[in-house]
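Pulled from TrEMBL, these are the features on record:
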type: DOMAIN; residues: 29-274; note: domain 'Aspartate/glutamate/uridylate kinase'
type: SITE; residues: Lys33; note: site 'Transition state stabilizer'
type: BINDING; residues: Gly68, Gly69, Arg90, Asn195; note: substrate binding site
type: SITE; residues: Lys255; note: site 'Transition state stabilizer'
Amino acid sequence: MTLNRQDAAHVAEVLSEALPYIRRFVGQTLVIKYGGHAMESEELKNGFARDIVLMKAVGINPVVVHGGGPQIGELLKRLNIESRFVDGMRVTDSQTMDVVEMVLGGLVNKSIVNLINSHGGSAIGLTGKDARLIRARKLKVTRQTPEMTKPEIIDIGQVGEVASINKDLLHMMVQGDFIPVIAPIGVGADGESYNINADLVAGKVAEALNAEKLLLLTDIAGLMDKQGNVLTGLNTEQVDALIEDGTIYGGMLPKIGCALDAVQAGVRSAHIIDGRVPNAVLLEIFTDSGVGTLITNS
Ligand SMILES: Nc1ncnc2c1ncn2[C@@H]1O[C@H](COP(=O)(O)OP(=O)(O)O)[C@@H](O)[C@H]1O
Ligand SMILES: CC(=O)N[C@@H](CCC(=O)OP(=O)(O)O)C(=O)O
């Protein structure tokens, strides 16, 4: 590629405006949760991969954790396997677990790795089984209604929560200039597989790496109130009230839960951003106002 004089002037202008932001984040780790819905068009996928490669090129360390709920749902449907969710978590029997592992660890993980690498990056795909990156245990889900005297335990199968993250492995990769791309499959004490909500994995990875930012890309403009207005900045107490009154439900519950846990554990900020917007990651990093909902620990 050769730049003409006009192109060069444009590049110089954009770079000089971006410089203060780049300086702010150089050497920092940013964990990005790439959701299934934000992978729906070629334009979005290519924009995402280019953003990640650019970040790495200017000295910021991106670590990608991906979802793939819609892709899992599609294959389950083709195989005539019914699927349902409890509080945003897919009920996972052993047959469903096989499909989850195939889709997330195989198809989705490798296509993201391939995409990043085709844009000039050096991505390495991992599941939680590689070097026991994500040790997991069974997630306990309980439910209590006002009529019940004690909470009921609900068995949702091989759904896990993160017990620990092998951060040495991630540090090694980041220092080696690789971009880790992580599928949210955990390994139990006896080598069993766990299906973990990708938001929860992203939050724990951000905590383990003491990340500067946790970016959760999703299919909506941000966290909304009952009238549909995006709430731009929220703290712990405000979030609790919104869960209590039912404004936050379904897939937003694990998302907001992991964002709160992450900022309470020392991650500087968590952001729920619209993955349907092209170049959402760069927009978040390189603008003062950011996009979507910012969650801080205050
Ligand atoms: N208060 C809220 N604001 C915005 N979205 C919400 C809210 N409560 C629940 N949701 C739902 O959460 C969804 C995002 O979660 P999910 O579908 O799991 O996303 P992803 O696949 O990106 O992880 C939104 O599309 C919306 O339907
Ligand atoms: C337990 C659980 O629900 N696991 C998720 C894992 C994938 C995921 O989280 O994908 P998104 O981020 O695209 O929703 C699932 O089976 O769909």
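Each residue, glycine too, has its Cβ placed from N, Cα and C.
Automated prediction, rather than curation, is the source of TrEMBL annotations.
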In sequence order, those recorded positions of Lys33, Gly68, Gly69, Arg90, Asn195 whose CB lies under 6 Å from ligand 1: Gly69
For Lys255 (site 'Transition state stabilizer'), nearby residues of its own chain (Cβ under 8 Å, 6 or more apart in sequence): Gly88, Asp199, Leu216, Thr218, Ile272
Secondary structure at Lys255 (site 'Transition state stabilizer'), reduced by DSSP to three states: helix
Per DSSP, three-state class assigned to Gly68 (substrate binding site): coil
Contacting recorded positions for ligand 2, chosen from Lys33, Gly69, Arg90, Lys255 when the Cβ sits under 6 angstroms of any of its atoms: Gly69, Arg90
Recorded positions compared (Lys33, Arg90) - the one with the fewest other Cβ atoms within 10 Å: Arg90
Separation of alpha carbons, Gly69 (substrate binding site) and Lys33 (site 'Transition state stabilizer') (Å): 13
